[in-house]
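Colleague: Got a structure for you, written out below as structure tokens; questions coming shortly.
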Amino acid sequence: MDLLTALVDKGLRRELPSREEALAVLATSDDDLLDVVAAAGRVRRRWFGRRVKLNYLVNLKSGLCPEDCSYCSQRLGSQAGVLKYTWLKPEEAAAAASAGVAGGAKRVCLVASGRGPTDRDVDRVSRTIAAIKDQNEGVEVCACLGLLSGGQADRLREAGADAYNHNLNTSEGTYGSITTTHTYADRVDTVQQAQAAGLSACSGLIAGMGESDEDLVDVVFGLRELDPDSVPVNFLIPFEGTPLAKEWNLTPQRCLRILAMVRFVCPDVEVRLAGGREVHLRTMQPLALHLANSIFLGDYLTSEGQAGQADLDMIADAGFEVEGADTVTLPEHRAAGVCGTHEGGCGGGGCGEGAGCHHGTAPHATDATDATDAEPAAQAVPAARTDLVAVRRRGAGTDLPPNA
Ligand code: SF4
């Protein structure tokens, strides 16, 4: 397939594909899916080998957010019934982080609901970072606290944070239909503040909110322009009690095409398979490891992931290996100067579930031409198999502590 040959060639050279090429990946047929995965897998292996970086989310502050991100179970007015609590104490967060590190995570992502931190919140998170680093030598810490104001990124960096996560989530054109309490530009500004402070930027997207293929390509090209070191790809978890509860738009095949497109557009970036992988990829999760080089271990912010041991088994069974703490995540050209240190790689969770936000309309159409010259356009997208999935709220109806 000429398209895939060209994309692999570009990916190996870190060259940006055209928008048309990115759209064509999303429009490939199911018959071509394994070829698409294999092609993007070559690019993934060129820059990251067969390594899988594990990240662990710690939800420092859950629910009760004044913002209205439509995808988020913690939003203003959410009826999702998720755990709600105010800030974990530094030692509580450190204990949770240590459990993740013991499971193989090399990055801990500290997430707090809310529009953004106060200076007092930054003090509190600084103490938490110190407690985590004290107990877990060499661990990377990424903060995800929402929109930053002047000087806060510098203070987090001084406190020892390696990275900052703030997702763009969806395209600039559709952002206003997902969230009204802040803008796409606000989000771009926070990512740039983090970068200016020397933090490794982590910024990604949420797919499955009803967006078009063009929207997806827009947000991924927007991310490429921002040049984060890690890009979490979330698949919407349609929580009951949120405006997007009925948005079951994704199939495993669609998720794989999206991940492949992100890999081709951001070839040497840590692409993280984030929230929603279990409910949307289901038994196809192992194929996604050929595209993403990073996942979250265990649970998400307000919903359960598969058990951590199942993640480790999946990685081993698929022929991949967990990335060790002494391995630099990012390729050499990118790691130099990242985090101001040795260990490149930085990613992060994000507001929402694994990170991200937004909403959409109709399921993506078969609007682009097929990747092959002679073959018909991609088939109509089959209905999502909602009978196969269940969103399990973390801690719901149990005494489980946060991120147990
Ligand atoms: S994504 Fe973040 S800012 Fe938006 S509603 Fe959820 S917790 Fe609040």
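Glycine is treated like the rest: Cβ placed from N, Cα and C.
The shown structure was predicted, so the numbers you read here are calculated from the model rather than taken from an experiment.
TrEMBL lists these features:
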DOMAIN    47-277  domain 'Radical SAM core'
BINDING   CYS65, CYS69, CYS72  [4Fe-4S] cluster binding site
BINDING   CYS109, CYS142, CYS202, ARG272  [2Fe-2S] cluster binding site
Colleague: Measuring Cα to Cα, tell me the gap between CYS65 ([4Fe-4S] cluster binding site) and CYS202 ([2Fe-2S] cluster binding site) in whole angstrom.
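Modeller: With distance taken Cα to Cα, CYS202 ([2Fe-2S] cluster binding site) is 21 Å from CYS65 ([4Fe-4S] cluster binding site).
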Colleague: Tally every other Cβ atom lying within 10 Å of the Cβ atom of ARG272 ([2Fe-2S] cluster binding site).
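Modeller: Around the Cβ of ARG272 ([2Fe-2S] cluster binding site), 32 other Cβ atoms lie within 10 Å.
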Colleague: Of all the binding-site residues given, CYS65, CYS69, CYS72, CYS109, which has the fewest Cβ neighbours within 10 Å once its own Cβ is left out?
Modeller: CYS65
Colleague: Can you tell me which of CYS65, CYS72, CYS142, ARG272, our binding-site residues, come within under 6 Å of ligand 1 at the Cβ?
Modeller: CYS65, CYS72
Colleague: Looking at the binding-site residues CYS142, CYS202, which sits with the largest number of other Cβ atoms within 10 Å of its Cβ?
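Modeller: Answer by Cβ density within 10 Å: CYS202.
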Colleague: For the C-alpha pair, I'd like the distance in angstrom between ARG272 ([2Fe-2S] cluster binding site) and CYS72 ([4Fe-4S] cluster binding site), rounded off.
Modeller: 19
Colleague: What three-state secondary structure does DSSP assign to CYS142 ([2Fe-2S] cluster binding site)?
Modeller: strand
Colleague: Taking DSSP three-state, what's CYS72 ([4Fe-4S] cluster binding site) in: helix, strand or coil?
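Modeller: The residue in question, CYS72 ([4Fe-4S] cluster binding site), is coil (DSSP, three-state).
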Colleague: Please report the Cα separation of CYS109 ([2Fe-2S] cluster binding site) and CYS72 ([4Fe-4S] cluster binding site) in Å, rounded to an integer.
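Modeller: Cα of CYS109 ([2Fe-2S] cluster binding site) to Cα of CYS72 ([4Fe-4S] cluster binding site) measures 18 Å after rounding.
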Colleague: As a test of reading the model: what is the averaged pLDDT for the domain 'Radical SAM core' (47-277)?
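Modeller: Summing pLDDT over the domain 'Radical SAM core' (47-277) and dividing by its length gives 95.
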Colleague: Round to a whole number and give the Cα-to-Cα distance in Å for the pair CYS202 ([2Fe-2S] cluster binding site) and CYS69 ([4Fe-4S] cluster binding site).
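Modeller: Cα to Cα, CYS202 ([2Fe-2S] cluster binding site) and CYS69 ([4Fe-4S] cluster binding site) are separated by 19 Å.
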Colleague: Work out how many Å separate CYS72 ([4Fe-4S] cluster binding site) and CYS142 ([2Fe-2S] cluster binding site) at their Cα atoms, rounded off.
Modeller: 20
